[in-house]
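A quick write-up on the structure given underneath.
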Amino acid sequence: MLKGRNLLDPMDFSLEELEEVFKLADEIIEEPEKFLHVCDGKILATLFYEPSTRTRFSFEAAMLRLGGQVIGFSEPNSSSVAKGESVADTIRTVGCYADIAAMRHPKEGAPAIAAMYSDIPVINAGDGSHQHPTQTLTDLLTIRSLKGDLSNLTIGCCGDLKFGRTVHSLVKALSRYKNNKFVFMSPEELKIPDYIRKEILEKNNIEYKEISKMEDAMAELDILYMTRVQRERFFNEDDYVRLKDSYILDGEKMKYAKKDMMVLHPLPRVNEIAYEIDQDPRGCYFKQAKYGMYVRMALIAKLLGVR
């Protein structure tokens, strides 16, 4: 039973609970008209302390398509945060008006702090370079829907693996399924963090390798998860400029890939995936964005206990 729970980390739900959410998402995709009023009278608060397009719109569209309503902010300067209000006080106040909250914050752990003080379910919509569990649910539903399984996969993660919270969450989640292995492709400065390598992979004897050339791994990958180098995570503009074009996926590199490989990307894209890949059936990132709305619909319905 997920009613009243928080989602702060992809490990918060068991595999059985994740499957509950995915099966409900399947039902919503199949017959969306059946869910048009399940959240009548319910309100979602979107508390976005960082810019967002897909995640915020996806949450808002999800709640509206369930018949609920949305309040919130997408720019903290337009709220009492600008006056110095704490996360704890913000969530306490929002809990007086809303039934569930989605929070994005630049500081790692901020949604967890909010959950400690909240009387309503809190969903982590991304905290700094830490975790992004609803993007992970999106990624898992996309893979499950298009591949048919979440096990026995070779997953390549490419780009900014140090600051890329979507990668951290995805590796944690996919490490729970059988016989998955990982290939990490990044500049030396943007390698996967030690805590992922040691606490998730090595501790659980999960096979992985780190390489520098994308072409060296393309032929073995079932999934290629691309990420952008995130300008907003750099303190030094010169470092960003030097690293931003490190890995670019184009048609030439795709020649090495399996015919049924999937290219995923949490978006936004800058230049790390050439536009020619949009016409390749293996480019699944816009399908992935749509699955994000459906999985958030299912998650909201489950946490509110309306399904």
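Note: Cβ is positioned from N, Cα and C throughout, glycine not excepted.
Given the structure is predicted, the values throughout are model-derived calculations rather than measurements.
Swiss-Prot annotations:
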BINDING   R54, T55, R104, H132, Q135, L267, P268  carbamoyl phosphate binding site
BINDING   K83, R165, R228  L-aspartate binding site
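Recorded features from Swiss-Prot, shown on the structure.
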residue	record	contacts (Cβ under 8 Å, 6+ apart)
R54	carbamoyl phosphate binding site	P266, L267, P268, A289, G292
T55	carbamoyl phosphate binding site	F48, R104, A125, G126, H132, T134, Q135, G292
R165	L-aspartate binding site	G126, D127, G128, S129, H130, Q131, H132, Q135
R228	L-aspartate binding site	G159, D160, P268, R269, V270, E272
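The record gives R54, T55, R104, H132, Q135, L267, P268 for carbamoyl phosphate. Within 8 Å of the mean position of their Cβ atoms, the other Cβ atoms in that chain belong to S52, T53, S58, A125, G126, T166, P266, G292.
Cβ-based neighbour count (10 Å, all protein chains) for Q135 (carbamoyl phosphate binding site) stands at 25.
The carbamoyl phosphate-binding residues named in the record, R54, T55, R104, H132, Q135, L267, P268, extend over a maximum Cα to Cα distance of 16 Å. Cβ-based neighbour count (10 Å, all protein chains) for R104 (carbamoyl phosphate binding site) stands at 24.
Cβ-based crowding with a 10 Å cutoff singles out H132 as the top-ranked of the binding-site residues H132, L267, P268. The DSSP secondary structure for R104 (carbamoyl phosphate binding site) is strand. A coil conformation is recorded for P268 (carbamoyl phosphate binding site) in the three-state DSSP classification, outside any helix or strand.
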